[in-house]
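In what follows, a structure is listed as structure tokens, so that the remarks can point back to it.
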Amino acid sequence: MAKKAVFKSLYFQVLVAIAIGVSLGHFYPETGAAMKPLGDGFIKLIKMIIAPIIFCTIVVGIAGMEDMKKVGKTGGLAVLYFEVVSTIALVIGLIVVNVWAPGVGMNVDVSTLDTKGIAKYAQPGQMQTTTDFLMNIIPTSVVDAFAKGDMLQVLFFSILFGYAMHSFGERGKPVFELIEKLSHVLFGIVGVIMKVAPIGAFGAMAYTIGKHGVGSLAQLASLMGAFYLTCVIFILGVLGSIAAFHGFSIIKLIKYIKEELFLVLGTSSSESALPRLMAKMENAGAQKSVVGLVVPTGYSFNLDGTSIYLTMAAVFIAQATNTPLDLQHQVTLLVILLLTSKGAAGVTGSGFIVLAATLSAVGTVPVAGLALILGIDRFMSEARALTNFIGNSVATLVVAKWCNALDAKRMNAVLNNETSDEAENPELVLDDAPDVIIPHVPRPIIDHH
């Protein structure tokens, strides 16, 4: 099959759009800032389709399983992985910010900071308890969960629906087939939406540069440098080691998901590429049931980039404002962030909101210090989103392998770019077709009774 021209590839189009957006925002700031609706509109288009895609993927995956015990095993192993890796991310961020000390010497007087920009974030008492977090997973109603697009609530209902349909055996087959066909239609819609991805990336980047300006980067370059370096260390060191231990290369995985990474870079939201990630993980050999559980859950429980950002930003503010933060305070902050970091979704700005809520609840680090990083938070959002996205990609393949739900031969062939005929496997992301993602589930429901 002849490869399509480079300029027709999504990653190339998005990359060019980002470059044009940066140029427009830099040279014509007001015009660039006015492009915000383009980026927002694209994100809304993607979010519009995420909840039904999660529902269909999980229901079809669970209903088609022969052993329902695998669902609980998959979920348990996924949460275990998320907790361990996100804790490592928090600790690495804490270590680097203490060694690099980007805020030391700034000697900022908190009383002189303009806190108008952070007023809407710094509301006291916003931190959720563990009980609140767990209770919020249960939706008030199914309609409300889908209307809000709350991934954990949709995930919860989808698991129940899939389990119930599984128990019906052959009687549930018509519903199974209907939902399977619906999933094909939904992924077809994603393919249509992805046609305007370059426009969304252009609008988001033009707004970012036009609104905040490249000049705002220089003022806090030390913090940004430390954060970006930490993300690279985490991806290549931690995630790279995890990937190598489980039989695949982190570099090859990054190359495999490069189109999605450019999309995430342009929109600063890992959520923007969620549907394509799910399809690509299936294409790489992970079973649909595992992908359906791990990927959506990871968008709340496995935000590695956000975890790094939270510890680094909190300690940076303490350093810049000369706020004493000894080892005991930092350990306390770490423990609290282990809980509050789970409240961040894979959307732009969620990390800043969680940081504000955490500082408001802890009280050790001045909340007013958030004004120091407000101007560069949008630029740090790219690294957060990219790290989150790569982290969830690795998590999906690792958990799939733990659950014996990964076709290692298929994974190696895909990551090594050895799959010459896309017709060999129907669960494919058709990059040479017009960017339409069409997953396929070959097995019907069987009567387990």
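A Cβ is built for glycine as well, from the same backbone N, Cα and C atoms used for every other residue.
On a predicted model such as this, the values are computed, not experimentally measured, just so you know.
Per Swiss-Prot, these features apply:
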TRANSMEM  5-25  transmembrane segment
TRANSMEM  45-65  transmembrane segment
TRANSMEM  77-97  transmembrane segment
TRANSMEM  149-169  transmembrane segment
TRANSMEM  185-205  transmembrane segment
TRANSMEM  231-251  transmembrane segment
TRANSMEM  298-318  transmembrane segment
TRANSMEM  332-352  transmembrane segment
TRANSMEM  353-373  transmembrane segment
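Here the transmembrane segment (5-25) has long-range neighbours at 31-33, 35, 194, 197-199, 201-211, 258-259, 261-263, 265-266, 431, 435, meaning same-chain residues at least 6 beyond its ends whose C-beta is under 8 angstroms from one of its own.
Sequence-remote contacts of a segment are chain residues at least 6 beyond its ends whose Cβ falls under 8 Å from one of its Cβ atoms, and for the transmembrane segment (45-65) they are 71, 145-146, 149, 151, 154-155, 157-159, 161-163, 165-166, 172, 176, 179-180, 182-183, 186-187, 189-190, 193, 196, 200, 271-272, 274-275, 278, 287-293, 296, 347, 439, 441, 443-445. Residues of the same chain lying 6 or more positions beyond the ends of the transmembrane segment (185-205) and with a Cβ under 8 Å from any Cβ of it are 10, 13-14, 16-18, 20-22, 24-25, 35-43, 45-46, 49, 52-53, 56, 262-263, 265-268, 272, 275-276, 279, 434-439. Among the listed stretches 77-97, 231-251, 353-373, the one sharing the most Cβ pairs under 8 Å with the transmembrane segment (298-318) is 77-97. In this chain, the transmembrane segment (353-373) does not touch the transmembrane segment (231-251); fewer than three CB pairs sit within less than 8 A of each other, excluding pairs fewer than 6 residues apart. Non-local neighbours of the transmembrane segment (77-97) in the same chain are 226, 229-230, 233-234, 238, 242, 293-294, 297-298, 301-305, 307-312, 315-316, 319, 330, 334, 337-338, 341, 391, 395, 398-399, 402-403; each lies 6+ residues outside the stretch with a CB under 8 Å from one of its CB atoms.
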